[in-house]
Amino acid sequence: VTFSELLITLSSFGRFQWMHVTLISLPGLLLASQNLLNNFVSGVPTHHCSLDNCRSFLLTSFRFFMIILIISFSQWDLVCSLRPLKQMIQTIYMGGVLTGAIIFGGLSDRFGRRSVLIWSYLQLAILGCSAALSPTYSVYCIFRFLCGMAVSGIIINGVSLKVEWIPTKERTLVGTLTSFFFTFGQLILAGLAYWLRDWRKLQVVVCVPHFLFFAYSWWFAESARWLVLNRRSDKALKNLHRVARINGKPINQLTLEVLHSHMKKEIDSCQSTLTAYDLVKTRGMRRISICLMAVWFATSFAYYGLVMDLQKFGVSIYVMQIIFGAVDIPSKLLALAALTYLGRRYSQATCLFMSALVIFANIFIPPDMQVLRTVLACLGKGFTSSSFTVVYLYTGELYPTVIRQTGMGFVSTMARTGSMAAPAVLILDEVFPALPSIVYGGAAVLAGFFACFLPETLNVELPDTINDVEEKW
């Protein structure tokens with residue numbers, strides 16, 4: 001009997017799983033605000049550039065690096081020669097997300113998913129609210145970097161903590177439906193930004209609720225899989241009995257001996273300390289890691305390239321945020337159908353190829369046909385959003401329990417690299433207008449081919465050890 005079959009005896013997807021998944025997913029309503037906050041915090045107002053600001057690129061770059069240290073936050077002035085400072089905020093924030101993926105991924109495999117998740121909620125609540133009090137641009141950037149780290153800790157630990165308590169058959173449906181919290185979060189951001197019209201108030205409002213998430217996160221149950229594999233079987237047994245009791249199916253016959261018999265092979269294979277090197281040490285793990293790195297990078301690269309410059313569409317940024325948020329609803333439903341009937345590999349590759357096709361098509365649309373260009377941009381955003389939905393679930397299913405968080409952190413660093421690079425690529429439109437689209441679309445095509453080499457995980461039990469991965473794939 002496997003651990004997944006043991007979960008089924010605890011009432012499969014019962015009351016506990018519903019509560020657990022919902023409470024972990026709820027912060028997603030505000031994580032979208034963190035990722036897209038820069039669209040409203042540093043929006044470009046109506047302005048005129050003086051001739052003194054229109055100097056050479058070298059002079060602009062020099063001033064850029066000097067002024068970043070002294071510019072007052074209460075007087076943005078991120079226009080004309082200081083325009084790159086607007087995108088720099090997002091790049092710094094994504095740098096924090098990248099750093100958090102590396103640090104919190106390894107820490108959670110060592111100290112547990114629950115502990116790191118609780119800390120991440122508190123870090124985002126305190127530092128996010130503190131950012132609203134920033135007296136200078138540079139101080140604000142520091143707080144945004146630290147907030148990015150916390151966001152990464154919340155995402156990767158939340159995904160794993162959900163996946164490791166869900167039986168195999170329910171993973172696709174739960175993984176897709178919980179991603180709607182992020183979708184609705186984009187709509188909430190547009191409403192809050194339109195209502196508040198003040199960056200400090202907006203910053204506080206999207207961060208204060210994380211104190212509530214921190215308060216109730218102590219109720220979460222640590223992953224029983226992780227506890228057993230880290231020689232804390234007594235705590236795992238208590239959690240399993242707790243889950244059974246909440247689900248109304250107490251199993252008094254479940255003892256430590258029975259639990260160990262269910263996971264004997266996994267326990268025997270988990271006697272040594274694992275590091276990030278183990279993600280590429282063996283053939284199967286190396287293939288998975290390399291392909292996922294490409295997929296995560298291209299998905300994030302194209303996604304943030306589309307959503308981080310809403311003002312270019314010539315429509316109210318509040319309206320565009322609502323449109324871009326709403327398009328996620330059909331795209332995620334499409335992803336759910338594809339994941340269920342086509343499987344993970346074909347769904348991932350198709351999303352990437354279709355996003356590339358739409359991005360390339362927009363190159364040939366004349367600038368005066370703004371409506372058509374906006375429609376195609378929305379389609380591209382929809383496909384990249386579907387790609388995100390697939391890859392989050394797919395990654396959690398490909399990596400084994402003993403190193404799942406390290407793996408999630410490792411490959412998601414590529415997503416953060418992509419999201420950091422995306423704003424910089426937007427500046428290339430001053431060299432050649434179509435160049436950003438060519439770069440975004442080309443990356444998606446390349447990643448689509450990499451996705452074709454990933455193994456299928458539809459209706460396959462979660463691997464617990466590296467040996468499981470090598471034997472299965």
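In case you wondered, yes, glycine gets a Cβ from its N, Cα and C as well.
As stated in TrEMBL, the feature transmembrane segment covers range 88-107 out of the listed 88-107, 408-427. Tertiary neighbourhood of the transmembrane segment (142-161): same-chain residues 20, 24-25, 27-28, 31, 34-35, 89, 92-101, 103-105, 108, 113-114, 116-117, 119-121, 123-124, 127-128, 130-131, 134, 207, 220, 223, 392, 396, 404-405, 408-409, 412, 416, selected by CB-CB distance under 8 Å and a gap of 6+ residues from either end. Taking residue pairs at least 6 apart in sequence, the transmembrane segment (16-37) and the transmembrane segment (434-454) share fewer than three C-beta contacts under 8 angstroms. Most Cβ pairs under 8 Å to the transmembrane segment (116-136), among the stretches 88-107, 202-221, 349-365, belong to 202-221.
Counting only same-chain residues 6+ beyond the ends of the transmembrane segment (202-221), those with a CB under 8 A from a CB of the stretch are 16, 20, 23-24, 26-27, 30, 33-34, 37, 40-41, 114, 117-118, 121-122, 124-125, 128-129, 131-132, 147, 161, 165, 189, 192-193, 196, 239, 242-243.
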